[in-house]
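Sharing a structure here in structure tokens format.
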Amino acid sequence: MKLDNKSLLLYLVTDRSWLGDHSLASQVEESLINGVTFLQLREKKLDNESFLKLAIEMKELAHCYNVPFVINDNLDIAIKSDSDGVHIGQDDISIEEARRIIGKDKILGVSVGTVEEAILAEKLGADYLGVGAMFSTNTKENTRDISFDTLKNICESVKIPVVGIGGINNENILSLEGSGINGVAVISAILAQKDISKSTRELKDICENIFI
Ligand code: TZP
Ligand code: MG
């Protein structure tokens, strides 16, 4: 699957810390049914065999809802699972190398924190950019704090779509209106919520109002 204009409106990144009694598949499916438009599998501690199995399961689930599916960091798993692409950060494999390995048809997402990084990522073959952390978050350590103005400057500097990430919830999301982003990427605003369906629908409604 490819990116289209609306694919990045409400981007879910997975995190198995919030599973409780549920499976990741059931949580993710609940979010897909209720409006998530893009899915990234983010796993930092799984062995390769379990990672690949989970990647294939998540890809099939995302595709049932016509949602593109990418893997965080791990190009090998992305290729073996025939996922739609990968998302890499500034400290991972280089952007040129990632593009070379996955080929021209797969989606390449890149995390950036400055206008310079954004322009370079676009030039080297990124299909979309993730920018954050926009707000403080307990989900990831050592995030860079990005201001609204930097986010806006990044959006104005590139042609490819941009999503904001980091600490975004259904209240502070409103302050991202006018930044130029195509959507938001979240973990806890969906997966840490008691009612995933309701939280997803609320976020999606707001995204449709302020980003389209
Ligand atoms: N990259 C930058 S911030 C972040 C990632 C993966 C964490 C996003 O999670 P949350 O719960 O939406 O803040
Ligand atoms: Mg990474």
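Any Cβ shown, glycine's included, is placed from N, Cα and C.
Note that the structure is a prediction, hence the values are computed from the model and not measured.
Grabbed the feature section from TrEMBL, which reads as follows:
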BINDING   Gln40, Leu41, Arg42, Glu43, Lys44, Asn72, Ser111, Lys140  4-amino-2-methyl-5-(diphosphooxymethyl)pyrimidine binding site
BINDING   Asp73, Asp92  Mg(2+) binding site
DOMAIN    10-190  domain 'Thiamine phosphate synthase/TenI'
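Show me how these features fit into the structure around them.
Less than 8 angstroms from the CB of Lys140 (4-amino-2-methyl-5-(diphosphooxymethyl)pyrimidine binding site) sit Ala133, Gly166, each of them six or more residues away in the same chain.
Counting only residues at least six positions away in the same chain, the Cβ atoms of Asp73, Ala98 sit under 8 Å from the Cβ of Asp92 (Mg(2+) binding site).
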With respect to ligand 2, which members of the binding-site residues Arg42, Glu43, Lys140 satisfy a Cβ distance under 6 angstroms to one of its atoms?
none
I'd like to verify something. Among the binding-site residues Gln40, Asp73, Lys140, which ones have a C-beta closer than 6 angstroms to some atom of ligand 1?
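So the answer is Lys140.
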So, in DSSP terms, is Asp73 (Mg(2+) binding site) helix, strand, or coil?
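Assignment for Asp73 (Mg(2+) binding site) reads coil.
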Here are some binding-site residues: Arg42, Lys44. Which one has the most Cβ atoms within 10 Å of its Cβ?
Arg42
